[in-house]
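Here TrEMBL flags 204-215 as compositional bias 'Polar residues'. Annotated compositional bias 'Basic and acidic residues' per TrEMBL: 223-239, in sequence order. The feature domain 'Histone-binding protein RBBP4-like N-terminal' is assigned by TrEMBL to 13-80. Under the heading region 'Disordered', TrEMBL lists 202-239. The repeat 'WD' annotation in TrEMBL covers 238-280, 283-316, 332-365.
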Amino acid sequence: MKERGGSRAAVDERYAQWKSLIPVLYDWFANHNLVWPSLSCRWGPQFEQATYKNRQRLYLSEQTDGSVPNTLVIANCEVVKPRVAAAEHISQFNEEARSPFVKKYKTIIHPGEVNRIRELPQNSRIIATHTDSPDVLIWDVEAQPNRHAVLGATDSRPDLILRGHQENAEFALAMCPAEPYVLSGGKDKSVVWWSIQDHISGLGDSSKSETSPGASGSKHSKTANEKDSPKVDPRGVFHGHDSTVEDVQFCPSSAQEFCSVGDDACLILWDARTGTSPAVKVEKAHGGDVHCVDWNLHDVNYILTGSADNSVRMWDRRNLGPGGAGSPIHKFEGHKAAVLCVQWSPDKASVFGSSAEDGFLNVWDHEKVGKKKNPNSPGGLFFQHAGHRDKIVDFHWNSSDPWTIVSVSDDGESTGGGGTLQIWRMSDLIYRPEDEVVSELETFKSHLASCTPRA
């Protein structure tokens, strides 16, 4: 546990301290124990709104030891609305239990472990997965039959298979917000770009036939189906990295522009309109492997990278000149181990989150850099989620439910197996404008005074 910055006892003590602060720090919090770790977690579509909570799909996976198949899990999640949950309720939970807010809806038997899940913004029932193979698998989660994950069960049949990598592509995966395009990076040092425009319109019909009783029962028909998954060849293969590509991301406003990062410590910007060589290459973007990248939805000039050097860096693409000139606008130093995931908030342009092997999920606001109130805290850091006791492998902001985050840790180091899924929303007193918060607290104070029984 050295990378966690302390002994098991220190981690437990820190966790106990955090747990006692839940009623103060959070508007809502749910803890869900996972028997098998999930290496990815993503929000799907919201499908029901009620008075006190909304229901929404959640995409997870089960990375097993081989005694049962690896699976892609579609869950239904109840997201409690702001200012509904009682403080004493959110802090009373059993770490070993499943949450009543998360219910498994459908299981897909995945060919190999699920390393990454990404959803298609234009069609929320279409998701892509990466496993330890060169292919990207595309699934229509509503049309896929629900499977029983028992040893010996045949794999579910992907709705599409995207071909183009020469070696395994395990983590780098993105879907385009502007058009139905998919991007992937792999050990072959390449970035591969596909359009699935012509394929997704007919997906629902072709896969529904598989749910007929005859098709799902026989082992033979499954094997035949495996061969039937349509294959899609790439629109382009992009070369410029000198090592494994770890993450990729589209420019939110364009299907033709994207970026990638890798174990060569480079950040590369690509423009498919000008060819398959880098448009801009930033050498030594970090002092170590670069694990993750994200492009700002609200201001397409800003890009974030996170690295094995424990830092997050923010780049302005207008400053990244030819020849890789340019340095980050900010370096965010608050993690004590490798950063695994970065993501801009969909709710406020200057806010983003970062999660790391140190078990923390930090929430930053780059507009707060230089306006330090606490000299001991890193510039820009305004919230630290300390509910996980092992490395946080993925998290996702909820675009349907402001300031709500799902995060997942792989607990192999701390408890020898399994994982922890947490869904949480920090108290709005933490991020709202200070004058607004002070005025609300003053009103509350005078309300309390008026309620005090007279002597």
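From the backbone N, Cα and C atoms, a Cβ is placed for every residue, glycine too.
Helix, strand and coil residue tallies for the repeat 'WD' (283-316), in that order: 0 helix, 18 strand, 16 coil [DSSP]. Cβ atoms under 8 Å from those of the repeat 'WD' (332-365) belong to residues 3-5, 11, 288-289, 291-299, 302, 304-314, 377-386, 388-399, 402-403, 405, 407, 409, 426, 431 of the same chain, restricted to positions at least 6 beyond its ends. The DSSP breakdown of the repeat 'WD' (238-280), given as helix, strand and coil counts, is 3 helix, 20 strand, 20 coil.
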